[in-house]
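Following this message is one structure expressed as structure tokens.
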Amino acid sequence: MHSYKTHKVINLMISFFYRIGLWHRGANPTVKELKAKFFYCIYHALFLLSLVVGAITTESVDKKIFLAEVAIAIVVLLIKLCLLIWKQGQILDLLNRFCVFSIRDDDDASYFNNKLGRFMKFVTAFLIAVLFVGFSESVVLSFLGSEKSLFLEIAFPLDWKHNDIAFYIATFFIFTEVFLAIIAVLFSILIWYLLLICSLRYNVLGSELRKLGHEQIVEKANKKTLEKRMQHNFFEGLKSSIKIHLHLRELTTELESFFSKLFLTQFGTSGLCICGSIYCLAFNVGDNVLERLTYLSLLLYFIAELFMITYFGNEIMLSSNSLSYSLFQSNWVDQPQSTKKCIIVFGEYLKHPQELIVGRLYPLTLETFTRILKSAYSMFNVLKSFQQ
């Protein structure tokens, strides 16, 4: 028996949320903790406001498109930040219910560990890339070149173009806002982690169903006694699998309900952000190589945010869809008639896969991902026709 709990990397992120005051300890937040939570939300909303006003007031069409693209991305990140701050209890409850469980078989545990380890390696590389891009666009790019300039030319109350102190204050403001955006990205990783655990638990359940009735009983007894013992073990394993499946369906439904509006917002904005990034790259908006690399990194980030949720949603659908086939790979033919009836009923129930539906309209699958990419390309063609 292998017992699992929340991964240590996720626990480090949770500790970080507590340390910086995003989350509170105890049943209810204190007045001081509430002030900190409101400050984070309002402060990040000011960044969105400065981007929107900057996009309206700037004269360059290219900068308008870029600032509008970043503003749209910040809308999603602001929603994530607010969810992270104000839905602490529900997030911790989901983590506890999804991630605390046991796996009986050694091979299944090895499969689970391998998949989870590869995901954590990807998360580490992803975070390093996000930190590099965030630091570059908020600090490094501001000091490149002979003239003072902000990579994100936001609207700012001080005259940063002609005053050094105002320039440093504006740079610090952008740096702190990008820091909050990166915290919202950490919440994205939490979401991916929950979706991954859900899909892996469905895969492990499928493996357990396939192995029903195939275990060897090592004890000396006559053939009839051994047969009854195996039939009893099969039935107990079947009951356990049914309970696990019902529990997983309940958890997945809760996950769908909790993140549905957020995913719908991502679906509605991802195409615009990807379109804007492609435009900046296609028409060579950047003044230097580092700026162009930043545009490319932003494009990859927008695609990754969309791809990860649709990929894991697709994995949940596929892994739950294969459960019916896995059930009939078990040694069900040697079971008594009463058990076979239960298997047939359960098999019919398993024919309906667990598909996450966003906003009761869009399935969280790779098909939706490709549709959004196609819509982004169509919007880019419209922008390109205006440019010509």
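Glycine residues also receive a Cβ, built from the backbone N, Cα and C atoms like all the rest.
For 38-58, 64-86, 122-145, 165-195, 262-286, 292-312, the entry in TrEMBL reads transmembrane segment.
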Which of 38-58, 64-86, 292-312 has the most Cβ pairs closer than 8 Å to the transmembrane segment (122-145)?
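Ranking 38-58, 64-86, 292-312 by Cβ pairs under 8 Å to the transmembrane segment (122-145) puts 292-312 first.
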Most CB pairs under 8 Å with the transmembrane segment (38-58): which of 64-86, 165-195, 262-286, 292-312?
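Against the transmembrane segment (38-58), the leading stretch is 64-86.
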With the transmembrane segment (64-86) as the reference, which stretch in 165-195, 262-286, 292-312 has the largest tally of C-beta pairs below 8 Å?
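Selected stretch: 262-286, with the most Cβ pairs under 8 Å.
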Below 8 angstroms Cβ to Cβ, which residues of this chain, lying six or more residues outside the transmembrane segment (292-312), approach it?
66, 69-70, 73, 126, 129-130, 132-133, 136-137, 141, 151, 188, 191-192, 195-196, 198-199, 263, 266-267, 270, 273-274, 277-278, 280-281, 284-286, 364-366, 368-369, 372-373
What same-chain residues lie close to the transmembrane segment (165-195): Cβ under 8 Å, and 6 or more beyond its ends?
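Long-range Cβ neighbours of the transmembrane segment (165-195): 7, 10, 13, 16-17, 20, 22, 40, 43-44, 46-47, 74, 77-78, 80-81, 83-84, 91, 94-95, 98, 119, 123, 126-127, 130-131, 134-135, 137-139, 142, 148, 150, 152, 154, 156, 158-159, 255, 259, 305, 308-309, 312-313, 315-316.
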